[in-house]
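Worksheet for the structure shown next.
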Amino acid sequence: MRVLGIETSCDETGVAIYDSESGLLADQLYSQVKLHAQYGGVVPELASRDHIRKIVPLIQATLKEACVSPQEIDAVAYTAGPGLIGALLVGASVGRALAFAWNVPAVPVHHMEAHLLAPMLEDQVPDFPFIALLVSGGHTQLVQVNAIGKYALLGESLDDAVGEAFDKTAKLLGLEYPGGAMLAHLAQQGDPDRFIFPRPMIDRPGLDFSFSGLKTAAALTIRANHQDEQTRCDIAYAFEKAVIDTLAIKSERALEQTGLTRLVLAGGVSANEKLRSKLSVIMHERQGKVFYARPQFCTDNGAMIAYAGWRRIQEGSRSDLSISVHPKWALSQ
């Protein structure tokens with residue numbers, strides 16, 4: 001089965017084709033980072049308009065890359081939420097129209113479920129159940145995954161998502177949007193002993209997160225110190241270390257509470273090398289295994305939507321022709 005996947009939840013237009021026998025056949029991605037950088041964040045109206053401009057050429061390029069004709073597509077999967085409503089409607093409308101024109105099923109996909117499944121695109125599929133740590137610009141969640149579509153939320157951020165905290169702190173350090181990856185690069189040159197930031201909520205029971213206080217601690221430190229290059233590196237190191245330690249502590253706590261030995265790391269922040277390394281060490285010590293995707297499949301992309309669509313079809317998921325999107329959509333719903 002060949003599934004065309006469409007991703008337009010925020011500021012990336014992604015289109016891909018996944019073949020259930022051959023794997024990923026084609027993957028095209030257009031990023032709007034340069035468009036939004038001058039505003040310091042995503043402008044929803046501009047994002048929607050840019051998706052409209054790029055989506056059809058990307059679909060054509062994807063079909064060409066895969067050497068596949070429309071008649072050889074068996075289903076169309078598209079992101080139905082969560083995300084920016086205008087951006088979601090672009091992908092949903094095009095996806096539905098193509099499915100109708102090609103007389104194939106249309107499959108709405110939950111964006112965070114697609115992130116959760118992304119490591120399985122190329123790696124072995126972990127046995128159920130397992131713990132998933134979902135870390136992105138809009139979400140920070142610990143989820144027990146019992147089967148496709150059967151999710152139990154164990155903990156989540158009570159305020160800022162971890163990716164949002166990275167980007168906001170990067171902005172305070174004078175880095176361009178999106179600054180999370182730049183902050184991680186600065187941190188490589190940081191002095192590990194100069195600043196120490198709090199690890200939020202690790203002394204409380206439960207698996208929820210909070211990053212607003214950590215962001216405030218970073219902001220106060222930035223204001224209190226001269227902003228030479230080394231100081232910026234030192235602050236970046238302290239911030240990143242605090243975030244990674246917090247995520248690792250909560251993840252290990254989730255594993256202990258559930259007795260599980262498999263951990264999936266997914267979402268844009270899962271591309272962070274120090275986070276990957278930290279969790280790999282923890283899972284090795286626990287005689288378990290951590291799964292994560294290649295960096296290119298950690299951020300938003302069409303490949304994860306195509307794959308998630310195929311997995312949903314295997315579970316019997318189908319949809320009518322109505323165009324329905326969900327800007328807010330709990331994974332457990």
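Placed from the backbone N, Cα and C atoms, the Cβ positions cover glycine too.
Now, the feature entries from Swiss-Prot:
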| type | residues | note |
| --- | --- | --- |
| BINDING | H111, H115, D300 | Fe cation binding site |
| BINDING | L134, V135, S136, G137, G138, D167, G180, N272 | substrate binding site |
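Features as recorded by Swiss-Prot, highlighted on the structure.
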residue: H111; record: Fe cation binding site; DSSP class: helix
residue: L134; record: substrate binding site; DSSP class: strand
residue: D167; record: substrate binding site; DSSP class: helix
residue: G180; record: substrate binding site; DSSP class: helix
residue: N272; record: substrate binding site; DSSP class: coil
residue: D300; record: Fe cation binding site; DSSP class: coil
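Each of the binding-site residues L134, V135 was scored by the number of other CB atoms within 10 A of its CB, and the lowest score belongs to L134. The separation of H111 (Fe cation binding site) from N272 (substrate binding site), Cα to Cα, is 20 Å.
Taking all protein chains in view, 29 other C-beta atoms sit within 10 angstroms of the C-beta of H115 (Fe cation binding site).
Least packed by the Cβ count within 10 Å, out of the binding-site residues G137, G138, G180, is G138. Neighbour counts were taken at the CB atom with a 10 A radius for the binding-site residues S136, N272; the maximum falls on N272. Sequence-ordered, the extra residues of this chain that approach the Fe cation site, with Cβ no more than 8 Å from the Cβ center of H111, H115, D300, are E7, S9, T79, M112, A114, A118, S136, G267, G268, N301, M304, I305. H111 (Fe cation binding site) counts 27 other C-beta atoms within 10 Å of its own C-beta, drawing on all protein chains shown. The binding-site residues listed here (L134, G137, G138, D167, G180) include L134 as those with a Cα within 10 A of the Cα of H115 (Fe cation binding site).
The Cβ of D300 (Fe cation binding site) lies under 8 Å from the Cβ of E7, S9, C10, D11, E12, G14, H111, G268, each on the same chain and at least six residues away in sequence.
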